[in-house]
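Participant: Grabbed the feature section from Swiss-Prot, which reads as follows:
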| type | residues | note |
| --- | --- | --- |
| TOPO_DOM | 1-24 | topological domain 'Extracellular' |
| CARBOHYD | 5 | N-linked glycosylation site |
| TRANSMEM | 25-48 | transmembrane segment |
| TOPO_DOM | 49-56 | topological domain 'Cytoplasmic' |
| TRANSMEM | 57-78 | transmembrane segment |
| TOPO_DOM | 79-99 | topological domain 'Extracellular' |
| DISULFID | 96-188 | disulfide bond |
| TRANSMEM | 100-119 | transmembrane segment |
| TOPO_DOM | 120-138 | topological domain 'Cytoplasmic' |
| TRANSMEM | 139-157 | transmembrane segment |
| TOPO_DOM | 158-194 | topological domain 'Extracellular' |
| TRANSMEM | 195-218 | transmembrane segment |
| TOPO_DOM | 219-235 | topological domain 'Cytoplasmic' |
| TRANSMEM | 236-258 | transmembrane segment |
| TOPO_DOM | 259-271 | topological domain 'Extracellular' |
| TRANSMEM | 272-291 | transmembrane segment |
| TOPO_DOM | 292-312 | topological domain 'Cytoplasmic' |
């Protein structure tokens with residue numbers, strides 16, 4: 001029997017897993033995905049740190065993406081799993097605010113970081129001679145700190161505003177985490193002003209970055225087409241297609257949830273789509289970036305050989 005343990009300020013997360021065998025199967029599946037995401041992203045961070053061949057702006061940005069994904073999925077899955085395991089789906093008002101803040105911080109930072117990674121590839125392929133200047137250490141450190149800071153500021157503003165809205169007696173959030181669009185359905189007041197604010201923020205963090213990424217890769221594909229080296233074209237296509245796959249997995253469901261009017265989508269759709277950008281993407285990113293990347297696989301081989309040579 002589920003024990004909500006609710007107080008007047010608690011929210012109830014209805015969750016993703018039904019109380020049945022299917023729910024148990026999904027619980028086990030998502031815990032395995034969570035563990036894969038932890039192992040994959042931690043391995044990517046350690047690999048880039050340990051292998052000097054990967055000490056480049058491209059891989060430094062990739063290590064930050066892994067760090068964001070690691071925190072991203074850790075903000076959502078442990079609470080969701082414990083809710084199902086112990087049957088206590090309540091979350092305090094403050095706890096909900098903290099989860100919402102970190103979720104939006106990591107989401108915003110990842111959107112901006114993916115744009116920085118696209119710019120990095122654009123400069124590397126279209127202006128290779130200018131790459132050391134345009135992507136200096138100062139530049140990529142600014143990109144990373146800027147992504148984190150802007151994501152945090154945006155998240156702080158939304159969290160403070162969302163948690164000052166009066167909520168009705170029904171505190172049941174039809175979601176598996178404290179997502180603002182799902183919470184707005186419980187508000188006792190008209191939230192159209194805030195919804196427009198969310199739309200504007202989503203445009204800044206989704207539409208503008210995606211447009212920048214699309215333009216960058218448009219120029220990249222044109223430059224690749226003009227390359228004389230077949231090996232160079234193959235490497236460039238591989239790198240770009242990998243990044244575009246990650247971008248599509250992340251941006252498409254996010255854009256539908258936050259830019260599509262509430263009347264044209266259901267809360268069930270929001271929950272299913274949220275699985276893509278909160279759980280599946282953090283698990284898939286290290287796999288996508290490593291399987292098709294000879295430099296990463298080569299670095300992995302070198303690190304393993306060094307470990308065994310030290311032991312011997």
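In case you wondered, yes, glycine gets a Cβ from its N, Cα and C as well.
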Participant: For the topological domain 'Cytoplasmic' (219-235), find every same-chain residue at least 6 residues outside the stretch whose CB is under 8 Å from a CB in it, and list them.
Facilitator: 121-122, 125-126
Participant: Counting Cβ atoms within 10 Å of each candidate's own Cβ, which of the disulfide-bonded residues 96, 188 comes out highest?
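Facilitator: Sorting the candidates by Cβ neighbours within 10 Å, the top entry is 96.
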Participant: Are there three or more C-beta pairs under 8 angstroms joining the transmembrane segment (272-291) and the transmembrane segment (57-78), sequence spacing 6 or more?
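Facilitator: Touching, yes - the transmembrane segment (57-78) and the transmembrane segment (272-291) meet the threshold of 3 or more Cβ pairs under 8 Å.
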Participant: Would the transmembrane segment (25-48) and the transmembrane segment (272-291) count as touching if the test is at least 3 Cβ pairs under 8 Å, pairs 6 or more apart?
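Facilitator: Taking Cβ pairs at least 6 residues apart, the transmembrane segment (272-291) and the transmembrane segment (25-48) are in contact, with 3 or more under 8 Å.
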Participant: Counting only pairs at least 6 apart in sequence, do the transmembrane segment (236-258) and the transmembrane segment (139-157) share 3+ Cβ pairs under 8 Å?
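Facilitator: Per Cβ check, the transmembrane segment (236-258) does not touch the transmembrane segment (139-157).
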